[in-house]
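Here is the structure we will look at, set down as structure tokens.
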Amino acid sequence: MTDSATTRDPSSASTASIGSTGSSGASAPLAAAQSRPGAAPSAPDGGSYAVPTLRRRLLSMVYESLLLFGVLFLAGYLFSALTQQHSGLMYRHAMQAWLFLVLGAYFVWFWTHGGQTLAMKTWKIRVVDAHGQPLGFGRAIARYVLAWLWVLPAMALDWTLGLTGWNSVALLSGWIVLWALAMRVMPNHQFVHDRLAGTRLVSVLGK
């Protein structure tokens with residue numbers, strides 16, 4: 001009686017052991033991947049992330065502009081010191097090219113190292129590619145160049161029409177507003193330049 005009660009079925013024990021091992025073996029890589037510091041989450045289907053609101057995106061851009069004022073000031077001072085520039089007209093185009101490169105280096109470095117500038121971290125926004133993966137240098141550069149569509153078309157039209165003063169300001173402001181609102185008709189409510197660059201902004205609230 002005792003022997004039959006305590007006898008265990010070898011096949012049942014083997015099955016339980018295999019099931020336990022398989023479960024822990026499948027979960028171990030996932031747990032290790034989630035515990036890696038700085039590991040970027042992935043979204044193969046491109047739809048697993050919340051999209052930041054337009055308000056948060058615009059506030060992030062305003063904050064970014066304030067931070068960039070200091071960056072551009074230092075870059076301009078360095079250029080003037082190295083070239084012995086005595087007026088704003090001296091080497092004007094060279095300085096514009098220099099500032100364009102400085103801005104590019106600033107954004108590309110942050111976008112490829114965590115996907116967030118300081119302003120984006122403050123407003124809990126991250127830029128990733130269409131599959132939720134971190135940006136490579138090529139895609140980050142493409143996004144930076146395409147981001148100039150926020151202002152270049154309006155500036156070109158302003159120059160063509162010869163507008164000045166408040167007319168120029170109204171044209172540029174109107175274009176920026178239209179460009180921002182265009183996200184409402186874009187897939188996943190992304191900005192046009194993000195769609196063209198194959199990137200997307202995602203919300204990281206609570207992370």
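Just so it is clear, glycine is given a Cβ too, placed from its N, Cα and C backbone atoms.
Unlike curated records, TrEMBL annotations are generated automatically.
Per TrEMBL, the features are:
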type	residues	note
COMPBIAS	1-10	compositional bias 'Polar residues'
COMPBIAS	11-35	compositional bias 'Low complexity'
DOMAIN	52-198	domain 'RDD'
REGION	1-47	region 'Disordered'
TRANSMEM	58-78	transmembrane segment
TRANSMEM	98-119	transmembrane segment
TRANSMEM	140-157	transmembrane segment
TRANSMEM	163-182	transmembrane segment
For the domain 'RDD' (52-198), the mean pLDDT of the predicted model: 93
Number of helical, extended and coil residues in the domain 'RDD' (52-198), per DSSP: 110 helix, 5 strand, 32 coil
